[in-house]
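What follows is a set of notes on a single structure, which appears directly below.
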Amino acid sequence: MAKLLLYFLLLTSLSDVFGGTDMSKKTFVFPKETDNSYVSLKAQLKKPLSAFTVCLHIYTELFMTRGYSIFSYATEKEANEILIFWSKDRGYILGVGGIEMPFKAPEIPSAPVHICTSWESVSGIIELWVDGKAQVRKSLQKGYFVGTEAMIILGQDQDSFGGSFDANQSFVGDIGDVNMWDFVLSPKEIDMVYSGGTFSPNVLSWRSLTYETHGEVFIKPQLWP
């Protein structure tokens, strides 16, 4: 019994696991550059994705300093199945199935930023919305399907399934309002989400989030309306 208790305490000291938590008006805070602080999210996926939409808020001072990972979705087959990344020189980088597409940033923000990205296999069309404003549509990985059995991580870029983190690509700041759908939201629906709605996310829901924190990650009240 003593050995079992010790094993349990060791596991809980390494990470904190929470299931189905309502994260409304809260945010994950990554206070410093590391290669071991991140949040892993558990998604509800039963079949490969032929489309998706991911929306979230970020707040950071790193825009003019260096690149960093915003959202990293990896499978054992492909480390960058879905990637949302910021590059100081190229702007937002969206990736599907290991192929990346840059989107020029409309401006360098000094306040919290709301980001939505969507993609569909049938056309390959990939979209980026920044603070409710659509950027020029582009095409990427037409006919591709995003794999299941995924590791979804906030705060670090996965160069292998669930690992190979680089502190120079880590996120420093706040991430919140993370929602994901297995279909492409319409412009009207994107606007609803930007205005504070959720529109029933069915892959990841910020109002019922199953997550695990690792390293120095804190949960605090959000700093945006």
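Glycine too: its Cβ is placed from the backbone N, Cα and C atoms.
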Query raised in the report: What does Swiss-Prot list, out of N36, N80, as binding the same Ca(2+) 1 as Q158, D159?
Result: N80
**Report entry** Length of the line joining the Cα atoms of Q158 (Ca(2+) 1 binding site) and Q169 (Ca(2+) 2 binding site), in Å
**Finding:** 10
Query - Count of other CB atoms lying within 10 Å of the CB belonging to Q169 (Ca(2+) 2 binding site) - result: 20
Requested in this report: Please list residues from the chain of C116 (disulfide bond) whose Cβ is under 8 angstroms from its Cβ, counting only those at least six apart in sequence.
Outcome: T53, V54, C55, E127, L128, W129, L185, I190, V193, Y194
Query raised in the report: At the level of the C-alpha atoms, what whole-angstrom distance separates D159 (Ca(2+) 1 binding site) and Q169 (Ca(2+) 2 binding site)?
Result: 11
Requested in this report: Write out the long-range same-chain contacts of N80 (Ca(2+) 1 binding site), meaning residues 6 or more apart in sequence whose Cβ is under 8 Å from its Cβ.
Outcome: S72, A74, G95, G97, G98, E100, Q158
